[in-house]
Amino acid sequence: MKPKANHRWDLTPREARQLQETLRPQLVLKPPRQHPQLVAGVDVSVTGPRWREATSKAAVVVFDYATLEPLEVVTASMPSPFPYVPGLLSFREIPVLLTAFQQLTREVDLVMVDGHGYVHPRRLGIAAHLGLVLDVPTIGCAKTHFFGQWDEPAEAAGSYTEIVDPSTKPPEVLGAVLRTRESVKSMFISPGHRMNLSTALEHVMWCSTGYRLPEPTRRAHQCAAGKTLEELHTDWQRATAHHK
DNA sequence: GCGACAG
DNA sequence: ATCTTGTCGC
């Protein structure tokens, strides 16, 4: 998969925020009609104390949507191009992700990103930004709160509450806090590009197979740490056999 | 000015 | 994100 609308990434924080405002109106908050065939999970890890000497490592894992069988794993590595700045995570993590995506032999239908999407001060979290660049449906799936107000959902799996921005004229619904599994810490879900909230929640629940993190994100995190496709496939076969 | 702040 | 050990509970 290659970028369909790439742009410069070596920007100052101020320029980066301006670019986010420029890209914002290009977001499509409507999902495709047909169900996805291939879903990908992505994750980035950064090593090193000072970002100018740090290395970014990315992993992209592709699954068959219907069975969640892992089909392909690609990784990439490069010097960290940007420091961590709240609100500008995409400028730190997307460059190495694009390098990984270019190695993919398949065109995926859906990408689940480790971070927020529409839940963002300028509605352009990393999931939304990546979706725009690749022109692919994306979902933001974050482990912690970043922006907006919300209440804790009930303990049952599938329970959720809305995340709203109270500063808008009427308060805008940005995403949802979702209990992916009973009695675990909830996840922060929001649409990225070519997606809406209700469909995003359905996809995340479908991909949540007994762990707090949905399978694509959980596996991508493991692969960024060195796990191979062969190991993922062995795990999948064991889990599939045990589930029958 | 103060607190919050994805990964 | 990363630095880090053992420990409580289903």
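Here the Cβ of each residue, glycine as well, is placed from N, Cα and C on the backbone.
Per TrEMBL, the feature Mg(2+) binding site maps to A:Asp43, A:Asp114. A simple way to gauge crowding: the CB of A:Asp114 (Mg(2+) binding site) has 24 other CB atoms within 10 angstroms, across all the protein chains here. A:Asp114 (Mg(2+) binding site) falls within neither a helix nor a strand when secondary structure is assigned with DSSP, and so counts as coil.
Among the features that TrEMBL reports, site 'Interaction with target DNA' is placed at A:Tyr84. In the three-state DSSP scheme, A:Tyr84 (site 'Interaction with target DNA') falls into the coil class. The Cβ of A:Tyr84 (site 'Interaction with target DNA') lies under 8 Å from the Cβ of A:Trp51, A:Arg92, each of which sits 6+ residues away along the same chain.
Over all protein chains present, the Cβ of A:Asp43 (Mg(2+) binding site) has 25 other Cβ atoms lying within 10 Å.
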